[in-house]
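Notes for the one structure printed next.
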């Protein structure tokens, strides 16, 4: 049986520096995720760090995206090999790794997604990702079809951005603007000039190493500015944000 994920089109688009417009999925519900998958985004983040997701909620969301052109990207709760292994086995191919601060941490993230000898991923012969053992070339194809995006969101990460971006197997550098702002002493103010200057610096250093850069930017003016600065994979909003804004607007229309 063929696996319809290989080759990984999202990974190829990033490598080709094609602009990829995404959205954040935080509602942790297969219905809302399915709606996002119909909207036409290039990629969707299913959030395991700040949203109430786990293996049991991720699986129905992946099922809901079956046939969607939107590539599912999972943000793991932490850079931990066992967690990453379990997410690989249920069918994720694109990973967003939070709080990467050193080259060694970036290397660990890459190794966690690769079978030996390239990495340390544990081997199961039957799981959801290989259609329960029916994809004949899964082992041969898996290593080269996994996407690793690492988040820079601390001063140490900024200091080591060149080494992180140069790490083999890292496909892109993603800026976490809120945590970065906090780390730079501007909690709750990612628009501060110091934060914006640092974001642009990260984009530039990623580009210098031939790696695409990305960011979450729910404000349109911010998203367009980051695209002008060279970011190529930008999440332009979230299901939670859209839902919150739309319901408040609807209520205000009739209640005020």
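Note that Cβ sites are derived from N, Cα and C of the backbone, with glycine treated the same way.
Pulled from Swiss-Prot:
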ACT_SITE  50  active site, proton acceptor
BINDING   151, 178, 179  substrate binding site
BINDING   153, 179  Mg(2+) binding site
SITE      75  site 'Transition state stabilizer'
SITE      89  site 'Increases basicity of active site His'
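Other than the site residues 151, 178, 179, same-chain residues with C-beta atoms no more than 8 angstroms from the centre of those residues' C-beta atoms, the substrate site, are 98, 99, 153, 175, 176, 177, 180, 182. The Cβ of residue 153 (Mg(2+) binding site) lies under 8 Å from the Cβ of 98, 99, 175, 176, 177, 178, 179, 180, 183, each of these being in the same chain and 6 or more residues away along the sequence. Cα separation, residue 89 (site 'Increases basicity of active site His') to residue 75 (site 'Transition state stabilizer'), rounded: 15 Å. Put plainly, the recorded positions 50, 75 were compared by Cβ crowding within 10 Å, and the winner is 75. The Cβ neighbour count for residue 178 (substrate binding site), using a 10 Å radius over every protein chain in view, is 16. The residue listed as 'active site, proton acceptor' sits 14 Å from residue 151 (substrate binding site), counting Cα to Cα. Cα spacing between residue 75 (site 'Transition state stabilizer') and residue 151 (substrate binding site): 10 Å, rounded to the nearest whole number. Sequence-distant contacts (6 or more apart, same chain, Cβ under 8 Å) of residue 151 (substrate binding site) comprise 96, 97, 98, 99, 100, 157, 174, 175, 176.
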